[in-house]
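Peer 1: Quick paste from Swiss-Prot:
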- 1-52: transit peptide (TRANSIT)
- 55-65: compositional bias 'Low complexity' (COMPBIAS)
- 55-82: region 'Disordered' (REGION)
- 66-75: compositional bias 'Basic and acidic residues' (COMPBIAS)
- 300-304: motif 'GXSXG' (MOTIF)
- 302: active site, acyl-ester intermediate (ACT_SITE)
- 366: active site, charge relay system (ACT_SITE)
- 423: active site, charge relay system (ACT_SITE)
């Protein structure tokens, strides 16, 4: 085999983006690279951080053997790809109808791509949020719904249309979650942008998915970890159904249900906004032409993952996902990223009874999923007894299936004691891309299947190894949003204010969901 002369090295992060279908297998002192276009054998260290050439006859012979073996593997993989069923055929399994049995170990590639895609919906809530305290628009979304995905360069999401932005009142005791401007004249004194509701409208996308997908994406906290200190670790009755023993953490409940009557953006609570919009979309699409089913997918990261679970439970508890015209139960799936515990064991059991499917994607080194519920949680053998017999006020339980990932398995990430890195969403999506299963051989093989750009990891943190030469926290608006006006002065420009949805619009659908408008019966009972 002729010696290789490569213009790129493994130190270049673009190497992986530009080489489709890379498959890495580590042999002693050898890295084997297989692509759809060519197969080659590269000598490198086991850490995949240095490359050297081979001149000995023995190593040349080894190369030939590796090439032959991997050509056979490549052919088998290509044949397997041809046999692979389409997403539209297995979307129910990907959405968790069987609790992802047989899909996580090894990782099903359709599921991998969908986890990443929904994670990007959650990441978009960070990337579009104005957290600049020097801006009068601090706490709002920087983009209009019509060009939201275009501005974020999310071409894979262009088949969706955002139908409603979600807002919450900032007049609750979560100071590290809400962002406020330092200026006196601002877009809203009481509201923060919380996320959006979107629906798949492009017929090609609907056909690819196999159904009409309604997405609810919740924003997490810009401060990453500081918001944890705001949690009171107090359980309160959810009051979304008839069972007062179903309880969720008080801070999450307040964020979801509180409102500010004097504010046009939060005169309806985040709960009322999302329920009204889901009701409207189900009425519009739920009975459409035969052949199209509907799904509801809720996603969020960190505190946003908490809201994702609460809202998914709420929709199911109210039976909002039932379409009586064709007796169809719309499946509800939560893709949760780095989420904390939300409610007690009875809350977890009720989610299971209602058929809410939850896939929790976590980094094992992240501390957020371990709170609240340090004293009593789902790992405690007698939790059910403690809750039923003693009304223990600090008992929490995770809901759903866990996909636990380890950032130490990635050769691209450096060792760090920064807890924010372990909690970072882009880093988590990077781990999803490289994960292949729990067995020993799969854990050794970290291969980026979708070729997700590793530079994204450093978008808002410093986690990549130095040899990739990607600056930390690199994402920001050009000139931090400053522009030169007609007088030659640099200023933060005005932008068109988004008008809130009219109260009549929300009230009409809310009336059908809750039975009355501006319901005052959601005052929590704390324990």
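Cβ coordinates come from backbone N, Cα and C, glycine included.
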Peer 1: Let me know the most crowded of the active-site residues, choosing from 302, 366, 423 and counting other Cβ atoms within 10 Å.
Peer 2: 302
Peer 1: Calculate the distance in Å between the alpha carbons (Cα) of residue 366 (active site, charge relay system) and residue 423 (active site, charge relay system), and round it to a whole number.
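Peer 2: For residue 366 (active site, charge relay system) versus residue 423 (active site, charge relay system), the Cα atoms are 5 Å apart.
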Peer 1: Work out the three-state DSSP category of residue 423 (active site, charge relay system).
Peer 2: coil
